[in-house]
Every structure is written in structure tokens, then in C-alpha cells.
Amino acid sequence: MDSIVIHGGLPLRGKVAVSGAKNAALPILAATLLASGRHLIHNVPAVQDVKTISKLLTTLGARVTELGGGDVEVDTTGVERFQAPYELVKTMRASVLVLGPLLGRLGKARVSLPGGCAIGARPIDQHLKGLQALGARVELKGGDVSVSGRKLKGTHVYLDMPTVTGTANIMMAAVLAEGETVIDNAACEPEVETLAAALNAMGAGIKGAGTDRIEITGVRTLHGSEFTVIPDRIEAGTLLVAGAISGGEVHVTRCVPENLKAVTAKLREAGLPVEEGDREMRVTGSRPLRAVDIKTAPHPGFATDMQAQLMALMSVSEGVSVITETVFENRFMHVAELKRMGADISVVGNTARVKGVARLSGAPVMATDLRASASLVLAGLVAEGETTVSRVYHLDRGYEGLEKKLAALGARIWRLK
Ligand code: EPU
């Protein structure tokens with residue numbers, strides 16, 4: 001199993017380009033199932049989760065060809081299977097994203113229930129509620145969820161919480177339904193907005209994505225498409241924190257500053273100058289860092305996917321920061337590992353109290369989920385001595401060569417195979 005070794009203490013300097021967004025690429029690749037034909041998707045990140053969804057699409061009968069340089073061709077002409085196997089779903093919860101498209105295209109879909117994961121129980125009741133409202137029959141049997149219905153009808157769906165993949169699934173199923181569908185309290189994440197744009201490029205009629213009310217006018221057919229995945233706002237945020245925590249100056253290119261407003265606001269509150277340009281941002285890692293409070297929330301609130309990284313930053317700030325996680329009930333596994341490095345953090349319920357310390361010290365630590373891994377790498381950049389982050393397969397699920405990008409900025413970091 002690979003691990004990452006970091007010798008902390010060097011300020012990072014230079015320019016780094018952001019890859020395509022994992023959480024946009026996954027639903028867009030799943031969406032190709034809806035429209036028989038050839039799709040050319042650009043800026044697809046080379047991360048493990050993308051490999052997993054590609055394998056899933058292949059299992060369902062699609063042909064997926066990596067053309068290099070982030071270009072992926074998906075030919076969905078031969079899709080006729082409708083079952084996502086347990087082996088794949090258990091490695092990646094986002095496999096559930098094929099439910100909506102398969103239902104829309106084939107009138108049926110069967111996916112192993114994803115179950116809980118390290119960051120929480122993560123049920124899919126809202127996905128199923130929406131599909132049912134569109135007229136699908138939902139059955140739970142043998143650990144699988146089956147949805148079926150050849151004639152879906154437009155409807156009104158109100159989501160109890162603005163679930164990201166739930167909104168995506170319902171939107172995808174509704175595209176080929178008869179008539180109008182309205183999703184209220186929809187997720188407003190940029191990844192939902194770009195999925196809608198990708199579906200529209202296939203011939204769908206979606207309006208309002210990116211707001212909490214999405215309107216979908218059903219169409220009869222869809223076609224092959226060409227689409228470019230948006231830059232990964234979480235990778236961009238992680239790289240900004242890398243510049244900030246190391247006390248250097250990092251210029252992040254190929255990003256969308258608009259999608260990082262909450263992170264930028266918190267970095268500025270902490271006393272870090274952040275400049276925004278057209279598709280670029282620059283952070284200067286000035287000291288002292290002020291402790292700031294953070295509360296995660298659905299977009300445009302502070303992204304839960306940036307919580308662990310900001311906690312690493314806050315652990316070397318001056319003062320006490322209160323970090324509240326409201327999206328997932330169990331997303332503090334990085335706390336125990338940060339404490340091994342000398343961080344002073346206590347957790348009560350969904351709130352972490354982070355008292356900044358003057359220095360962290362390198363230690364062997366273990367990654368437990370994707371963003372937790374990123375926070376440990378960030379802490380390693382500022383820690384004295386050597387940090388070894390094990391179980392980096394979590395990191396590889398969602399970051400394209402993070403250690404290489406950080407090394408190019410001057411970090412002493414390498415991978416042990
Ligand atoms: N929820 C329900 N019922 C549902 C759906 C969600 O109770 O039917 C709850 C969840 O348990 C959670 C909250 O609603 O407490 C929000 O979950 P959401 O459904 O929005 O999360 P998701 O769609 O499963 C996506 C990202 C996550 C990201 C969250 C929140 C993808 C593939 N995954 O997950 O990304 O944290 O939205 O923004 O888009 C990551 O990249 O590290 C990651 C975990």
C-alpha cells in the first residue's frame with residue numbers, strides 16, 4: 001500500500017494548475033448512459049473514482065476510451081445491462097449515480113445499496129422519493145435497490161435536504177420523462193449546474209440548475225455530445241491552503257474563483273491576502289494566522305469537502321477556532337490524526353474546538369477518507385520533521401497527483417510504493 005512522506009517546513013512557491021472536478025466528472029460520465037451515442041468529455045481528472053465509474057459504465061455495456069490529456073470518449077450505443085454490481089458500489093458510493101440515467105434510458109436499474117461510509121450513514125431515501133414521484137416502482141431486495149418504470153411522468157419533487165447526488169439522479173431521470181418536472185430545495189452546487197449543462201448539450205431541457213429550483217422539460221430523445229468538465233474547486237481550495245499553511249505564495253491557475261467564495265472569505269478572515277483574477281487565484285501565507293470559526297453548509301455555504309483542510313490550517317493559527325460540521329454526522333476522523341501531530345483539538349458532537357499551537361511535529365498518520373487525507377498532507381507541510389501518511393488510496397480517489405503538484409511548488413514530498 002502506498003504512503004506519502006513529507007518533510008515539513010518549506011514555504012511553497014509558484015504556479016499550479018487545477019485538474020477537472022471529480023464530483024462533476026462522475027455524474028457527467030454517468031449521464032452519458034442516458035443518450036445512446038458517442039460522447040467526448042474533456043478535462044476528466046485521472047483519479048481512482050473516475051476509473052471506477054468507467055469500469056461501471058463498461059460493465060453496463062458502454063465503451064470507454066481514454067484518449068489522453070484528460071479526454072475520454074464514451075460510446076453508450078451498446079448499453080443494455082442495468083445492474084451496478086456490489087463489488088463496484090462498495091468501493092464508490094457515487095456508483096448510485098447510474099440509477100437515474102439507467103431508469104431514464106432502459107426503464108429499469110438495479111444498484112447495490114451503498115450503505116454507510118466513513119463520514120456518515122448517507123442514506124439515499126431522497127433519491128428514491130424523487131424517482132418514485134416520477135412514477136418508478138422502487139423495491140429493496142437482497143441488499144439491492146431496483147427501480148423500474150417505462151413511462152415516467154413529470155412531477156413536483158421537494159427534497160428534505162439539498163442532496164447533491166440525489167438532485168443529480170432525479171434530474172437525470174426526469175430528462176426523458178413526459179412533461180415538466182420541478183425539483184425544489186435542489187442542491188445548488190456548481191457540479192449540479194454543470195451536469196445540467198452537460199445534459200442540455202445532449203438535448204435535454206433543463207433550466208434553473210445552480211439555484212434551489214430546477215425545472216426540467218422532458219424530451220423524447222437525446223444524442224451524443226461534447227463537454228468540458230469544470231475545474232475542481234476542492235482541489236483549488238486545498239492548493240490555496242497548501243500555500244497558506246506553508247507560509248509561501250501560491251498561484252492557482254485554471255480555477256473558478258466564483259466557486260470558492262466561502263473558502264476565500266475564510267482565508268481572508270484568517271488574515272491571508274487572497275487575490276482573484278480571471279480563472280486564477282493567489283494566496284500569500286502571511287503570519288500570524290487568526291483563528292476563525294467555520295460552519296459547513298450546502299453551497300454557497302462553506303463546503304464540507306474543505307472542512308478538514310481548514311482544520312489543519314486552524315491548528316497552527318493564533319486563538320481558538322470553532323468548526324461545526326452540519327452536512328455529515330461523522331466527518332472528524334482527521335482530528336485524532338492531527339492530534340498525533342501535536343494539534344490541540346477537542347470534539348463535542350458535531351463541533352470541534354481547535355486551539356492553535358505554535359508548531360506541529362511530523363508523525364506517522366493514517367488517512368481515513370479523501371479529504372481527511374488531504375488535511376494530513378497539509379499538516380505535514382508545516383510540521384517539523386517527517387510525516388508519513390499511509391493509506392493514500394483515499395487521496396488517489398479524488399486528487400490527481402497531489403504530491404507531484406506540491407513537489408513542483410517546492411515541497412519535500414514523495415510517494416513510497
Ligand atoms: N442525505 C440523506 N438522504 C438522501 C441523500 C442525502 O439523508 O437521500 C444526507 C446525507 O446523509 C448527508 C447530506 O444529506 O448528511 C448531504 O449529502 P449529499 O447527498 O449532498 O452528499 P452526496 O451527494 O452523497 C456529494 C459529494 C461529496 C460531498 C457531498 C456534500 C459526489 C460524488 N460526492 O455527496 O463529496 O461531500 O456531496 O457536498 O458528488 C468528496 O468529494 O470527498 C465527497 C465526499
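Using the three backbone atoms N, Cα and C, a Cβ is placed for every residue, glycine included.
The active site, proton donor annotation in TrEMBL covers CYS117.
Annotation note: LYS22 (phosphoenolpyruvate binding site) sits in a helical segment as assigned by DSSP. Taking Cβ-Cβ distances under 8 Å and a sequence separation of 6 or more, the neighbours of LYS22 (phosphoenolpyruvate binding site) in its chain are PRO45, VAL47, ASP49, VAL50, ASP232, ILE234, ARG397, GLY398. For LYS22, ASN23, the entry in TrEMBL reads phosphoenolpyruvate binding site.
Within 10 Å of the C-beta of PRO123 (UDP-N-acetyl-alpha-D-glucosamine binding site) there are 14 other C-beta atoms, taking all protein chains into account. Feature annotation from TrEMBL assigns UDP-N-acetyl-alpha-D-glucosamine binding site to ARG93, ARG122, PRO123, ILE124, ASP125, GLN126, ASP305, VAL327.
The domain 'Enolpyruvate transferase' annotation in TrEMBL covers 8-406.
The annotation 2-(S-cysteinyl)pyruvic acid O-phosphothioketal is assigned in TrEMBL to CYS117.
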If you skip the near sequence neighbours and keep only those at least six away, which residues in the chain come within under 8 angstroms of GLN126 (UDP-N-acetyl-alpha-D-glucosamine binding site), Cβ to Cβ?
LEU159, ASP160, MET161, THR163, GLY166
Note the mean pLDDT of the domain 'Enolpyruvate transferase' (8-406), expressed as a whole number.
96
Spacing of the two Cα atoms, PRO123 (UDP-N-acetyl-alpha-D-glucosamine binding site) and ASN23 (phosphoenolpyruvate binding site), in whole angstrom, works out to 18
What kind of secondary structure is ASP125 (UDP-N-acetyl-alpha-D-glucosamine binding site) part of, going by DSSP in three states?
helix
Within 10 angstroms of the C-beta of ASN23 (phosphoenolpyruvate binding site), the count of other C-beta atoms across all shown chains comes to 25
Which one of the binding-site residues (ASP125, ASP305) has its C-beta surrounded by the most other C-beta atoms within 10 angstroms?
ASP305
